[in-house]
Amino acid sequence: MKTSEERLLAPDSLPPDLAPAPVPQGSPAEKNTDFEPVPPPCGGDDQPQLATDPVASLVVSQELQQGDSVPLEVEFNTSSELSPGIEEQDVSEHASLPGEETNLPELESGEATEGVSEERAEVDEGDTFWTYSFSQVPRYLSGSWSEFSTRSENFLKGCKWAPDGSCILTNSADNVLRIYNLPPELYSEQEQVDYAEMVPVLRMVEGDTIYDYCWYSLMSSTQPDTSYVASSSRENPIHIWDAFTGELRASFRAYNHLDELTAAHSLCFSPDGSQLFCGFNRTVRVFSTSRPGRDCEVRATFAKKQGQSGIISCIAFSPSQPLYACGSYGRTIGLYAWDDGSPLALLGGHQGGITHLCFHPDGNLFFSGARKDAELLCWDLRQPGHLLWSLSREVTTNQRIYFDLDPSGQFLVSGNTSGVVSVWDISGALSDDSKLEPVVTFLPQKDCTNGVSLHPTLPLLATASGQRVFPEPTNSGDEGELELELPLLSLCHAHPECQLQLWWCGGGPDPSSPVDDQDEKGQRRTEAVGMS
């Protein structure tokens, strides 16, 4: 773990005298070259740790149903109070996550608030701020590939930066959640020619296929009692993992009408960290993070043949409005009030089940993607029944293909089934009359790029690749040959490339020489497939 005095430098391709940076608050003559320090890493130990899942329970089969897409308009109330948030405890189902802290002094009842300012502190004019720039193809920094090559059928299923940017979380087909710290080369004051392969600092093993996973919304590596990860897997309860030790800290259990354990298909913490929203078949269950166990609020999304049917596959909260959006495998998107779950609108337009939702930082726009659907759709909360515009991407399988927005809301990044990563500048996309084209596209590897995640403070793009490979039938041979002597299926044509990769997307020209083709350490030359 690095101290706060150590500074983060640009990658080896950008020497200090050429390191790009956004225009600082001061004049060019007053520009300070000190960079913003990186938060300390999550994992406390250098050696990977392993945590196993001791819980196994019954399974409840859930069938996918489709419902009518009917716009609903219901007013909702703003949540008046926010419940406290999860204190770190043993697996006794009595743990809780802490609520958001403020710097305001405590006041007695009726005491005036004179002299107490809620305005943000002014930014030092000497501070340097990194911004994303896609004027050229991002440059490969480092990655992890050996970790996922122990099993031939293994592949990555997405990646997510921690809210504070200190580490990144991955999911894979071997039912293991892995946490990686930022590459140590980024902390060095010397120019780095070669980045070593990334190694996970923590491994958290689930008992079966992982449906969804997410970071605690108030996570900060400087406060260990907020460093938690939630995950849901088949035939298991929802687990809360300690991101410093990899230990299981708490469990949330949902039961059906037969009192059988049922698994959540999607997870999302509320912005204040006080609640955990979980998607089930035609139902959203809301758990209080201060009270693990089976007690929860059940919010039905489909009743009396009306509403949003199907499995709730993804959930996202608006950053500025007291509402959340739910995507369903029934090909619909529902908007609901945060406080009581009352329906606000039901949107339809996708050709397949919804797999990912993402709100714009301004809170007015949100984006949706679906499986076996070649479009990303943009919606406006001010006109929920009207589709603003769409972006084209290749999604030909049922795999969940993630997309992400940078913190400023200017760039949208998505992978596709062929592996191509596309970047769109959506800052000027205000009309649905024109087709928005990507500003840059590149090919990280020759396999499906299913996960993309943009760092919250640094111009770092993380990509995850891989997909399930199905055997291809071989030639049957002569009719006289015995059937048992013939190989019926073959994987000889499959060449999966399962990797976690980090890319530098900083502004300014890149003076470094091109990276050669992939060597024994797994570094790969970026193949640009188009740029506008």
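Note that Cβ sites are derived from N, Cα and C of the backbone, with glycine treated the same way.
Here Swiss-Prot flags 13-25 as compositional bias 'Pro residues'. For 520-532, the entry in Swiss-Prot reads compositional bias 'Basic and acidic residues'. As annotated by Swiss-Prot, phosphoserine applies to S27, S61, S83, S476, with the evidence given as similarity to another entry. Positions annotated as phosphothreonine by Swiss-Prot: T474. Look at Swiss-Prot and you will find 1-53, 80-122, 510-532 tagged as region 'Disordered'. For 151-190, the entry in Swiss-Prot reads repeat 'WD 1'. Annotated repeat 'WD 2' per Swiss-Prot: 206-251, in sequence order. The repeat 'WD 3' feature in Swiss-Prot is assigned to 256-297. For 307-348, the entry in Swiss-Prot reads repeat 'WD 4'. Taken from Swiss-Prot, the feature repeat 'WD 5' applies to 349-389, supported by sequence analysis. Among the features that Swiss-Prot reports, repeat 'WD 6' is placed at 395-434, with the record citing sequence analysis.
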Best-contacting stretch, by C-beta pairs under 8 Å, relative to the repeat 'WD 6' (395-434) and drawn from 151-190, 256-297, 307-348, 349-389: 349-389
For the repeat 'WD 1' (151-190): best-contacting stretch of 206-251, 256-297, 307-348, 349-389, by Cβ pairs under 8 Å: 206-251
PLDDT averaged over the residues of the repeat 'WD 6' (395-434): 89
Cβ contacts under 8 Å made by the repeat 'WD 5' (349-389) with residues that lie 6+ beyond its boundaries: 64, 71, 310-311, 313-321, 323, 325-333, 335, 395-405, 407-409, 412, 414, 426, 429-432, 436
